[in-house]
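For reference, the structure is listed below as structure tokens.
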Amino acid sequence: MLPRVFAYSSNHAAPPNQSSRTPPPNNTNAKRQKLLRYLTKPYAAPPLLARFPTLHLAVRGLLFLLAAILSLHIFMEYFYTFISAWGISMLPTIASSGDWLLISKYYRRGRELGVGDVVSYKLPLRPGEAGVKRILGMPGDFVLAESPSKSGSMIRVPEGHCWIVGDNLVWSRDSRIFGPLPLALVTGKVLYKFSWTAWWNRIEHGLKDAEEVDYDVD
Amino acid sequence: MSRWAYTRSSKSFALYLFWGLGGAIFISDNVAQINTVSGRSMEPSLSPLDNTTGRKDTVLWSKWEVQSKIQRGDVVLFSTPQKPDVIATKRVIATPGDTVILDPRRRPTRRVSGADVPESLGWDMYKRRAVVPEGHVWVEGDNWRESKDSNWYGPISKSLILGRASAVVWPYYRAGAQPWNDFKSKTKVIKGAVERVDELEFCESLGPV
């Protein structure tokens with residue numbers, strides 16, 4: 001028995017003398033002739049809804065699905081995304097697994113970004129993959145080319161690029177490997193992280209004011 | 001008549017707007033995009049009359065799995081690396097692992113005086129051989145006199161690429177044509193490939209931890 005919404009109820013009474021025990025007649029030839037007639041003379045065919053009474057439900061369902069896909073795409077591409085992060089490159093800030101990130105797409109293409117922001121970006125060396133790192137330098141800034149090193153060689157971030165480094169310096173593939181990242185590859189800024197143990201936590205930029213230590217004072 | 005009156009209501013208008021706009025955004029983000037090529041950098045093949053009569057070509061760019069389909073000789077649409085909001089059109093000369101033998105005519109200089117620009121130093125540092133790294137491509141405009149391309153800013157990431165040219169849609173007398181197939185770039189390329197190291201194998205090769 002079909003559920004009530006799917007059951008076809010017509011105004012017409014059921015044709016008499018039709019027992020459910022007798023199998024339907026095998027009128028394949030008649031059906032074929034009918035189909036041929038409908039195809040050659042479309043105006044002779046009964047309306048689609050009369051032939052397939054649940055058609056409007058299927059169309060309704062498909063349209064609703066399409067509308068949901070469109071709205072979700074627009075929301076996730078231009079407003080906010082909520083995705084799970086994986087990997088140990090941002091370890092003190094973002095766990096290696098199980099953390100979910102709320103990413104604002106307003107900051108895509110480097111709009112209104114600053115040093116210290118955690119951003120999501122498309123990997124330049126592997127198209128189709130994405131990552132999350134922290135910005136250490138904006139265009140014109142001088143940054144250390146290799147952070148844990150004794151050489152201390154610095155480079156200047158070129159126009160339209162940024163320098164991104166993971167918080168876990170010893171295990172992170174970032175600008176120290178592929179160089180400055182074009183701001184066009186930045187897809188958004190991480191605002192909050194969510195995990196089942198700590199719930200919602202805002203991701204701050206890790207910058208502090210420089211402490212003035214006066215060593216002369218005893 | 002009554003049906004028409006119903007469809008013209010404001011509720012239906014909002015629905016039409018949603019379907020039209022949403023569908024257009026979804027298609028232009030994922031499937032295909034239409035964009036007009038301006039400027040002289042692709043001159044023999046795209047918008048050849050832009051400098052004289054101002055006639056520009058409007059091109060259909062396919063976006064479906066672009067990054068994996070890119071080959072040498074394709075014309076691509078990409079965000080320029082130095083200006084995030086500007087998009088440009090160039091031809092892919094070399095793919096990852098290739099070695100480009102740089103064309104001295106394309107050395108970055110000031111157009112009128114021929115004086116050096118800051119980019120000239122970077123071009124000289126290649127010593128006329130540029131190896132394209134993993135996930136990157138070397139792009140050049142067809143017009144060597146007027147093109148700011150990989151000779152200026154180096155190889156660009158494949159992630160920057162937005163679309164691959166599939167056909168001209170306007171002006172009408174060029175509609176459906178692929179004029180970039182008639183042009184052959186004179187830049188020499190030594191073909192190569194990048195060996196993709198499997199991460200698991202690499203970790204195992206380090207030995208027991």
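Here the Cβ of each residue, glycine as well, is placed from N, Cα and C on the backbone.
Using a 10 Å Cβ-Cβ cutoff, A:SER89 (active site) registers 23 neighbours. Sequence annotations record features per position, and here TrEMBL assigns active site to A:SER89 (among others).
Annotation note: A:LYS133 (active site) sits in a strand segment as assigned by DSSP. Residues or ranges marked as active site in TrEMBL: A:LYS133 (among others).
Per TrEMBL, compositional bias 'Polar residues' is recorded for A:8-21.
The domain 'Peptidase S26' feature in TrEMBL is assigned to A:63-143 (among others).
Non-local neighbours of the domain 'Peptidase S26' (A:156-192) in the same chain are 81, 88-94, 101-110, 113, 117-122, 124-125, 130, 132-143, 145-148, 200-203, 206; each lies 6+ residues outside the stretch with a CB under 8 Å from one of its CB atoms. Residues or ranges marked as domain 'Peptidase S26' by TrEMBL: A:156-192 (among others).
Annotation source TrEMBL lists region 'Disordered' at A:8-29.
The annotation transmembrane segment is assigned in TrEMBL to A:57-76.
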All-chain count of other Cβ atoms within 10 Å of A:LYS133 (active site): 24
